Amino acid sequence: MQSGRSQSMVGPIPERVQVFQPADSDTRGKHMIRAELKRLEQETRFLEEELEQIERMEMASTACKELLSNVETTPDPLLPITSGPLNLSWDQWFEGPQESRGCRCWIL
Amino acid sequence: MSVAELKEKHAAATETVNNLRERLKQRRQQLLDTDVAGYARSQGKSPLTFGPTDLLCCRTLQGHTGKVYSLDWTPERNRIVSASQDGRLIVWNALTSQKTHAIKLPCAWVMTCAFSPAGQSVACGGLDSMCSIFNLNSQTDRDGNLPVSKTLSGHKGYVSCCQYVPDEDIHIITSSGDQTCVLWDITTGLRTSVFGGEFQSGHTADVLSVSINGSNSRMFVSGSCDATARLWDSRVASRAVRTFHGHEGDVNTVKFFPDGNRFGTGSDDGTCRLFDIRTGHQLQVYYQQHGDNEVPHVTSIAFSISGRLLFAGYSNGDCYVWDTLLAKVVLNLGSVQNSHEGRITCLGLSADGSALCTGSSDTNLKIWAFGGHRRVI
């Protein structure tokens, strides 16, 4: 009988290993699948909650309207046209030496 | 239950989740009656026009001998901390360009740095998987090095980003390659909360960036290699408040919008996006073709203080200034006079909004301010 296994077997021990190893990995595999299944069931619950919330949700235009209003009423020193009030400290970067003649030491 | 039966249940559950996701996606699509640009146009908003010398480079901070990876401003007195490939943090007075501290790090592979709200300490993190705190007022050791005053260890992967919780010097939030974010108590050095990870639902890949809401410091967003951004309530570590889908690649950077109800993202897919935190809506996509056949990654973003401008650094050296309302590029800081010689790796706005700092692979930092004629309405 040609069997690679029977040629390499040296008594009953390899057979025992063959009996236990599959069961061990079987248990490990079960744990992993169970954990993953639990995660999926949790994800299902979260998604169902989100679907319920979305029924009561506002359209995007409501958020856009609020955003526009917030942007336009906030003074912004980096804009060519901005709402006030102006803050004199915005121009602090152009008072005194313009280009860096300050510390140029190289840290070694 | 046998393995085969479990596998069957798993397949059924996967299908349920996918169906629910599809239904959510479609339902959301029905609520997207407009985007920001469409709405702004309908309101007759005028486009912004920037002259070539309106945003001027007014300081070049030289001193690092390697690429600059990260920078952060203090909330007051115009100081900046920067982290570099040279294994050092430098603290700068941005107005005078003076260096006040040069900190040699125990681990040279730094990726992020942050200034504490009171300006007394700085934090950094990187490939050592730890977040190190330095008290700027402590005495230097014999070699002139500032000692580490606290080490926050516990992450099982690199620390990609860190930010102090505003208005207090005690808590800091980190994001990590171990797929979690952590809220730390710096006094004890212990983790107060872990967001995501093995036993909780969270990101399913490396987390690359965090941003804390300036208007409500309990809320923060994170961006990840799983192509999502997630909104968290720091009191609820077990699950994200909301997950934001849309990007088609790693989300490298997240930043809260100034009004605290929206946040921006930048991704390997070449787009920046604006999301609304209360509804989860994707309000705008910011994308413009850079050249033939190239889609450079967005590496860093910052909003101007009103939110009208979005600054975005790209992997090809561009630094687009977006008009967030009309979704148009108004300037490219990567190609103006006196721009960096390498790509811009990090960006940050000063506390009063009057200056933008950019850090680059050319080892320098630059400060940009508005030098044109300003009209106040």
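Just so it is clear, glycine is given a Cβ too, placed from its N, Cα and C backbone atoms.
In TrEMBL, the coiled coil annotation falls on B:3-30 of the listed ranges B:3-30, B:199-226, B:339-366. Across the repeat 'WD' (B:200-242), DSSP assigns 0 helix, 19 strand, 24 coil.
Per-residue confidence over the repeat 'WD' (B:61-102) averages 96 (mean pLDDT, predicted model).
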